[in-house]
Every structure is written in structure tokens, then in C-alpha cells.
């Protein structure tokens, strides 16, 4: 979207035979929406037409409310009714991924997209990059941006000197997830469906919120797996029996309403993986964006917005590179300066978000180093400005800073910076 809006020539290579979305619920915090406004102003009204927030005018600025997994769900606790976190300038909105994807891809000319292209090899040369696909075809480009997800092929090329950082790292937990009609969810949870919730517990947790205009209910039922570890190498999901799934929540201390939700989920373990360490988001002419760069745990609902920030900064850098008269090998120093600037601006922020999301995961399972199982310590950590740096950051400043750093690097190498 960003490249097209800026008039930069591009081709999008997609592994699948058509656009498809993995997962259900997705949303953008204020930083994500402001970034998308800078990428494509026409997106916002289309997005707002399909998204939904919490139910009730007085709950629109609540990000999540904290509850418990245990019997009673925490409604008898002194903190109940005061366990939400958010911000007066934050408005919670979520949508169904498939509907959102349909909107986003409507801004991408279909003639720029090639489907059924599974990337098998990347060859970097002084004058460009050659891509090889499984179907035997090759393609040439000046810059490759890998947005190929958590199991990225492009990541292996960028991090060839850091082989231990290529594969995603298991975070010691997995979840079962489902989307059900709101009527079914209401029968189980009643008005607890009105506002997005995170349920905390010893080794078990849950995340719930409304999507699809309020017609559907999206949820994750989470399991700590830090002792056993993930068994399937190269896979992030595992299909098991219904009985095995139910046994994960058989502890009688768990509220039965969560078990009722679990009966409606498919018996598939979705492993929580992330890229906890990444030495660089680029190498020479190849860059990483989105999950290929900084796949995160979902507990801050911030991964998608970080991908948008990547896209805005990188497309702005490439727009500057495109102004250069040099081509082929002569363009390489400008590309490297641009991608280095992109990395230096985006990586610290994206990695901080990733680390904070992992910390929230530890809170959910009562494993936080300082808060433990004490909700009177957990909730203040979430309520007292934790997300301000993330939500109210001006990504246009990042664009300016990245271009400034690119100019500085180029000026060291010669007078070409005068053309930027």
C-alpha cells in the first residue's frame, strides 16, 4: 500500500494461491491508526465501518479488563470493577482479519501481485537481488523487503551471520482459539462479553473480545508449557484429540465457564513463538518487516501496528532512494545507507514492544518476577502509563529521523546527499 501510494515500482510475491488471513481478531491502537493515515488516508473510514469496540459508552477507552481463571472469575475480589487499563485518548476497536485484509488489498493493484510464488533462494549481488521460486522462475529486484511472517525465508538471508537468531523461539506457552456467535458467548459469560478481558491464573489464562461488529466473539485459552516445551520442529501448530485439549483445563479450580468456551474450540494447539532477539533488520539490499523482523506474543495487541510502522518508514526511505539517478551497483551505497537508517530507527522500538508483550505473558500466568500472583501488583503495572510510549508515538518523527540518518551516512561517503 505504501509503495503504491508513493509511486514506487514494486511486485508482491505471495506464497498462497490467493490472499488469506491466519487468525481472527485484529486491531490497531492509536499509533497504528495514525500510521495508516500517513500510508493511505482512505483506509480509516473503511476500517471504522467494520470494527467494533467494547459495549457501552463508558467502556470505549478500556483496552482490557483483568479477571481471574479461578472459580468466580475474580468478581468477588476487592479490585473487581477497577481492573481495566487503557487511556482517555485510546478507543478500543477490533475487526475480523479476513475483512480487514480485503480492505487493505483493495489498495494494491492486482497486476502487481504474483500468487503461488514460494521463495526458495535469495542471491544478493552488488547490482541487485535475484529471487528463485519453487516453480522454477526467477525475478530481479533492487531491494527485497521480506514480509513473509514468523517462519520467514528472507530472515535466513538477512541473519546468515547470526544463525541462532533465525528460527522463532518458543515462548513456553500455547493456546486454543475460536470465534463463536455472540449469542453463544453470551449464554456462557453473560455481560462479561461486553468488554475485552484478560483472565489471569496459575499456568492458565484467557483473552476475549468482540469482533465482526459485535456479532462474533473471539477468544484464546492459554496454557503454560514452560516445563515440557514444543515438540514439533518447524511447525507452530499441533492438532490433538478433543480429550487432550479438555484435559488442559480439567483443574477443578478453573471456572467452568472457561471449559464451556473450550468445548467450542478446535483441538489445535497454537504455539506462542517470537523473535526475542534480532541483530539486524537488514543486510545489504534485503530488509525485514512485520513478523519476519519482530514476531511478537499477542498480549499487547501491538504486532500489526508495528508492521505498519515498518512499512511507513521503509517506504519513505525507498522513496528517497528512488530519486537517485544511480542504478545497479552504483545505487548500492544509497540502499545500504537507507536500510541501515530504517534498522536503527525501527528495531529498538519494535524489540521493546516484543519484550513488553512477553512480560505481559508472564503476568498472565502469575510468573512475573516481581508481581507474582498478586493482582494488586499486576494491575498497577498495566494501568500506570505502560502503553503511552507505544500508543502516542509520532511515526512521522520516525520517518524524518530515518531520512536524517540516511543523509548523514551518505554525506560521509560523498556529496550525493545533496540530491536527497
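One-based numbering along the chain as shown.
Each Cβ is built from the backbone N, Cα and C atoms, and glycine gets one as well.
Since the structure is predicted, the reported quantities are computational estimates derived from the model, not experimental observations.
Summarising the annotation, Swiss-Prot assigns active site to 177 (among others). In the shown protein chains, 19 other C-beta atoms lie within 10 A of the C-beta of residue 177 (active site). In the three-state DSSP classification, residue 177 (active site) falls within a strand.
The active site annotation in Swiss-Prot covers 209 (among others), and the record cites similarity to another entry as its basis. Summarising the environment of residue 209 (active site), the number of other Cβ atoms within 10 Å of its Cβ, over all protein chains shown, is 23.
Annotation note: residue 97 (FAD binding site) sits in a helical segment as assigned by DSSP. The feature FAD binding site is assigned by Swiss-Prot to 14, 27, 97, 291, 304, with similarity to another entry given as support.
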Round to a whole number and give the Cα-to-Cα distance in Å for the pair residue 177 (active site) and residue 304 (FAD binding site). 18
So the record assigns 14, 27, 97, 291, 304 to FAD. If I measure every Cα pair among those residues, what is the longest distance in angstrom, as a whole number? 23
About how far apart, in whole Å, are the alpha carbons (Cα) of residue 304 (FAD binding site) and residue 209 (active site)? 17
Between residue 14 (FAD binding site) and residue 209 (active site), find the distance joining the two CA atoms and give it rounded to the nearest Å. 30
